[in-house]
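Visitor: Provided herewith is a single structure, encoded as structure tokens, for subsequent inquiry.
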Amino acid sequence: MYVEKILQSLQKKYPYQKEFHQAVYEAITSLKPLLDSDKSYEKHAVLERLIEPEREIFFRVCWLDDNHQIQVNRGCRVEFNSAIGPYKGGLRFHPSVNESVIKFLGFEQVLKNSLTTLAMGGAKGGSDFDPKEKSEHEIMRFCQAFMNELYRHIGATTDVPAGDIGVGEREIGYLFGQYKKLVNRFEGVLTGKGLTYGGSLCRKEATGYGCVYFAEEMLQERNSSLEGKVCSVSGSGNVAIYTIEKLLQIGAKPVTASDSNGMIYDKDGIDLELLKEIKEARRGRIKEYALEKTSAKYTPTENYPKGGNAIWHVPCFAAFPSATENELSVLDAKTLLSNGCKCVAEGANMPSSNEAIELFLQAKISYGIGKAANAGGVSVSGLEMAQNASMHPWSFEVVDAKLHHIMKEIYKNVSQTAKEFKDPTNFVLGANIAGFRKVASAMIAQGV
């Protein structure tokens, strides 16, 4: 009854925040075995407090475009929970950004950061600003205007933002530069920085590498591996590119990539250098890949199956949804399973619908939910914070080894928790309960 009461209250209070509802529903319904066995969580109103952000900050961002016209966007930062450490979570610049999207991402971040073993609370922020087709100067002016409003709410031991969709190293650089001018301090207030001013080696690789490490841990328990296996990866940003890179390093065969306009299937396996050239150097579109590789076929989004994504209709052993939320529907899940998919590891946040997740759990495949499988990114952000605090950078090998260890520990925690609650293949339950218990314990200990 406790979970049902919370969900009803949420629906009544925020009726139009469908992404936030989806994230909360997925998480707290899997907490039922824990909540039924321990009534102290209800006594201390932990769920009520957990789903309500500690602070929501919204602000106007005014900036000048290249035609000297004033443009106005909306910026926000949702500081969700600081029970186990300073707020930590990315900034997203995309037209889809609204309160519901940022709250879902912030809520997910709380549980994800809890799993990392590092002392980080959860937050998320961003703007409805679209960096696509903007000039370098327009992006710089927007970032400076955004930081003019955000700077008073963040700090190295208060709230440490990072990048997300639409916010890469370039944007982080502009944001950091403006923060430094405003406060006259050089401190680790942002992660994802360039290597010459406090960034960490292995940061851009971290989410993708970590996702593959987690998938390998899941498969190892079943006496299997990714070596020699065909893999489908969606997206073509940092997460997708470095998922593909790590898959190639371990001998797997990634055959797909995508962007908002369509997807490519390369029967010979993805040419990583070409993909990096198109997406990182040129900032081009994925269709350019098919123009340069005769082995590749391009499918535009208008030709995708109704209610589905063409990328998940390519037969594969393992799928790595690494683009955006709700990119993998129940139709896609059915298709993946019927084509023999044995492993799904989520590089993106909430890429699978709740109905798709149910199918994966029923099929008992190796399914790594995003808050566990993609926690490598924020883990290395935490390691960047540690390097900034000590003013001592670490080598790529040291950071990668620490990342690999953290992903192993996350898997171990998730797997042991699932076994504790008599559902050993349910890593959704394992991840949510393991993440929740740590945060809840800290919340109860610190009082109301």
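Cβ atoms here come from the backbone N, Cα and C positions, even for glycine.
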Visitor: According to Swiss-Prot, Lys88, Gln109, Lys112, Gly163 bind substrate; so which of Ser381, Ser390, Ser395, Ser415 is the extra one listed there?
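Guide: My reading of Swiss-Prot gives Ser381 as the candidate in that site.
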Visitor: Please list residues from the chain of Gln109 (substrate binding site) whose Cβ is under 8 angstroms from its Cβ, counting only those at least six apart in sequence.
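Guide: Spatial neighbours, sequence-distant, of Gln109 (substrate binding site): Phe80, Lys88, Gly89, Gly122, Ala123, Lys124, Val378.
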Visitor: Taking Cα atoms as reference points, rank the binding-site residues Lys112, Gly163, Ser381 by distance from Asn238 (NADP(+) binding site) and give the first.
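Guide: For Asn238 (NADP(+) binding site), the spatially nearest of the binding-site residues is Gly163.
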Visitor: Cα-Cα separation of Gly163 (substrate binding site) and Thr207 (NADP(+) binding site), in Å?
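Guide: Between the Cα atoms of Gly163 (substrate binding site) and Thr207 (NADP(+) binding site), the distance comes to 12 Å.
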Visitor: What are the other residues, in sequence order, whose C-beta lies within 8 angstroms of the center of the C-beta atoms of Lys88, Gln109, Lys112, Gly163, Ser381 at the substrate site?
Guide: Gly89, Gly90, Asn113, Met120, Gly122, Ala123, Ala162, Thr191, Gly377, Val378
Visitor: Cα distance, Thr207 (NADP(+) binding site) to Ser381 (substrate binding site), nearest Å?
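Guide: If we compare the Cα positions of Ser381 (substrate binding site) and Thr207 (NADP(+) binding site), the gap is 10 Å.
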Visitor: For the C-alpha pair, I'd like the distance in angstrom between Lys112 (substrate binding site) and Thr207 (NADP(+) binding site), rounded off.
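Guide: If we compare the Cα positions of Lys112 (substrate binding site) and Thr207 (NADP(+) binding site), the gap is 12 Å.
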Visitor: Taking the Cβ of each of the recorded positions and counting other Cβ atoms inside 10 Å, which one has the highest number: Lys112, Lys124?
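Guide: Neighbour-count leader: Lys124.
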